[in-house]
Amino acid sequence: MSSKLHFFLILSVTCALLQISTAGDPDILTDFIPPPAFLGPPGGNYFTFTGMRSLVGGPFPATFRVLKATMMEFPALNGQSVSYAVLQFPNGTVNPPHTHPRASELLFVLMGSLQVGFVDTTNKLFTQTLQEGDIFVFPKGLVHFQFNGDATNPALALSAFGSASPGTVKVPSAVFNTTIDDQVLALSFKTDVATIQKLKSGLSG
């Protein structure tokens, strides 16, 4: 093989690997995507999100709560391939198994402790108990969860995503709160229709 051909093969493979490693939100050809014309030219307010102000000095919620700053809530993120979520866990609460089909998640525990885990495509479970200051990564598209098992203390975490629109598929709701036929679910879970209907009624409230 000639050295020139060898060079071009290496270059082609390198370019392909770079494309794979940077795959995510589509690249944009401008500094940012401006708002629709009817909203006028963007100013500082367009690039500012104030939706997290309720966290400052506010009471801790009685149930698990997520505050998001994705493209839906913060349009200036369009094309920027980043988004945030703040997760508040009262004691004994869980963020049920779910996936983010368009992004990996980097979770930073700011207060308290969390039991976290994800399941890979071979059904292997990876778990960890995180303390304040710990960071954990959930790979893109894999089912994962977070649980505050502390009986008395709340937990607070910040999640960063590699997409302006990571999406969330909640596994219990996606399975039992849709119109998938009860017989299909009963066969899939190796149980009976009555059990499936009981599960559905428990999730509908």
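Note that Cβ sites are derived from N, Cα and C of the backbone, with glycine treated the same way.
Sequence-distant contacts (6 or more apart, same chain, Cβ under 8 Å) of ASN95 (oxalate binding site) comprise PHE64, VAL66, LEU87, PHE89, PHE145, GLN146, PHE147. The oxalate binding site feature in TrEMBL is assigned to ASN95, HIS100, GLU105.
Taking Cβ-Cβ distances under 8 Å and a sequence gap of 6 or more within the same chain, the neighbours of HIS100 (oxalate binding site) are PHE138, LYS140, GLY141, PHE161, SER163, PRO166, GLY167, THR168, VAL169. Taken from TrEMBL, the feature Mn(2+) binding site covers HIS98, HIS100, GLU105, HIS144.
What TrEMBL records for 53-197 is domain 'Cupin type-1'.
Positions annotated as signal peptide by TrEMBL: 1-23.
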Using DSSP, what's the helix, strand and coil tally for the domain 'Cupin type-1' (53-197)? 24 helix, 55 strand, 66 coil
Using the Cβ centroid of ASN95, HIS100, GLU105 as the reference point for the oxalate site, which residues of the same chain not in that list have Cβ within 8 Å? ALA85, HIS98, THR99, LEU107, PHE138, HIS144, GLN146, SER159, PHE161, PRO166, THR168
